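Undergrad: If you look up TrEMBL, you'll see T48, S49 marked as FAD binding site. The D-dopa binding site annotation in TrEMBL covers G337. The domain 'FAD dependent oxidoreductase' annotation in TrEMBL covers 6-352. The annotation transmembrane segment is assigned in TrEMBL to 7-24.
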Amino acid sequence: MSNTRKVVVIGAGVSGLTSALYLLKSKKSYEVTIVAQHIPGDIDIEYTSIFAGANWGSFADDHEIFLQDLDKPGYHYFMDLARTEPGAGVHIVPKQRYNRQSEMGKDGKPHDPWFIREKFVEGVRTLRKDELPESVGEDAKDPFVAGYEYQTITISTNIYLHYLLQQIFALGGVLKRKTIKHIDEAYNLHQSGERADLIVNCSGLLASKLGGVQDPEVHPIRGQILWARNSASKQISLKIPGFKDESVYIFPRKEGGCIIGGTFMPNNWSDVVDPGLAKRMIERAKKYLPELVDPNYEGNSTEIDVYRYNVGLRPGRTSGPKIEREGDIIHNYGIAGAGYQASIGLAEYVCQFAEEFYQQKSRGGNKL
Ligand SMILES: Cc1cc2nc3c(=O)[nH]c(=O)nc-3n(C[C@H](O)[C@H](O)[C@H](O)COP(=O)(O)OP(=O)(O)OC[C@H]3O[C@@H](n4cnc5c(N)ncnc54)[C@H](O)[C@@H]3O)c2cc1C
């Protein structure tokens, strides 16, 4: 029997890979085996991480301090990565959010999110009126009256997931493509051939189905997104009146091209692309970010050039993400639409819980 800390991580999405990497980077003799049904490179409705935008833009409300704290370390981490690691597939872009009249508070002012008010993020500024989209046609009914900008990142998910994986391999981590039916199977899948001491469960949406977990709170939040070849200089987001589940967000990627969203449909498992919605998304992209179809900008096509129509299912959880230790299992799943931005905050918890587990184990604690 070796004296290493034998850990099996279930899942190779952003939650599992970041957890595995942070354990390995802690230099505390962890031997980490990742066991996953889907791995970087796969495109599958049950593998959410590939479909993310992905940007940093905390959804946490003013009172959701725990969620704010989960998101905070990710901002600094990804901004640093964009500046120092060209191979990570992360770049810095300005994000503009446009507010409509109906979003104004009783005082006539917009209710900006915590990270804008506190100037937690870089480059916060109020948009001038001439920087807002024109409020013509349908938009005249609920015109754009305010907006802000800040500096954020877009993560090219496929490149970033591979970047995480390469670092894991370099630190001795092992990846096994395997589907398990019950969480207990994971104990016998460690690379050493010995029983794992600790399991880190990062099974995402499938935590609703995995035997021994089957969390009834976990549910999909469906998002339809388009991958397009058109490039842009900034991210934008805005609401669409009359469409409860639809909004516009566009994130340009570092290698060119962009992701166009999107929808937010809780409890909808459908993997079928809605062509009517796709058409609306394309029209909105052209209208609210005209440089996408301006040949003078990066030689863009004059039409939105979609190379893949996608549906992704965010791993929602009714009472929020499950990040806790139950004996020799650490759970890290259910992070909904914030899996990248919160990945660092969550991985820090995983390391803390793992350390606590091994401390107790070394003291001979039988109530781990
Ligand atoms: C349209 C869309 C846009 C998004 N935009 C953003 C954004 O801009 N910023 C952001 O931070 N987040 C964004 N997200 C959210 C983000 O993508 C998710 O929160 C994140 O990907 C969840 O990662 P995960 O690792 O928990 O799950 P997943 O990526 O789904 O990974 C789960 C892993 O567990 C494995 N697994 C599950 N069950 C088993 C089993 N029984 N046996 C073996 N392996 C198993 C799977 O194979 C997979 O490897 C977006 C999501 C969508 C859909």
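Glycine too: its Cβ is placed from the backbone N, Cα and C atoms.
Unlike curated entries, TrEMBL annotations are predicted automatically.
What you see is a predicted model, and the numbers here were worked out from it, not measured in a lab.
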Undergrad: Name the secondary structure element type, per DSSP in three states, that contains T48 (FAD binding site).
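TA: In three-state terms, T48 (FAD binding site) counts as helix.
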Undergrad: Measuring Cα to Cα, how many angstrom lie between T48 (FAD binding site) and G337 (D-dopa binding site)?
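TA: Per the Cα atoms, T48 (FAD binding site) and G337 (D-dopa binding site) stand 10 Å apart.
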Undergrad: Can you name the residues of this chain that are 6 or more positions from S49 (FAD binding site) yet have a C-beta less than 8 Å from its C-beta?
TA: G13, V14, S15, T157, L161, G204, G339, Y340
Undergrad: Give me the long-range Cβ neighbours of G337 (D-dopa binding site): same chain, 6+ apart, Cβ under 8 Å, in sequence order.
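TA: Spatial neighbours, sequence-distant, of G337 (D-dopa binding site): F59, I221, G223, F264, R314.
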Undergrad: Within 10 Å of the Cβ of T48 (FAD binding site), how many other Cβ atoms are there?
TA: 27
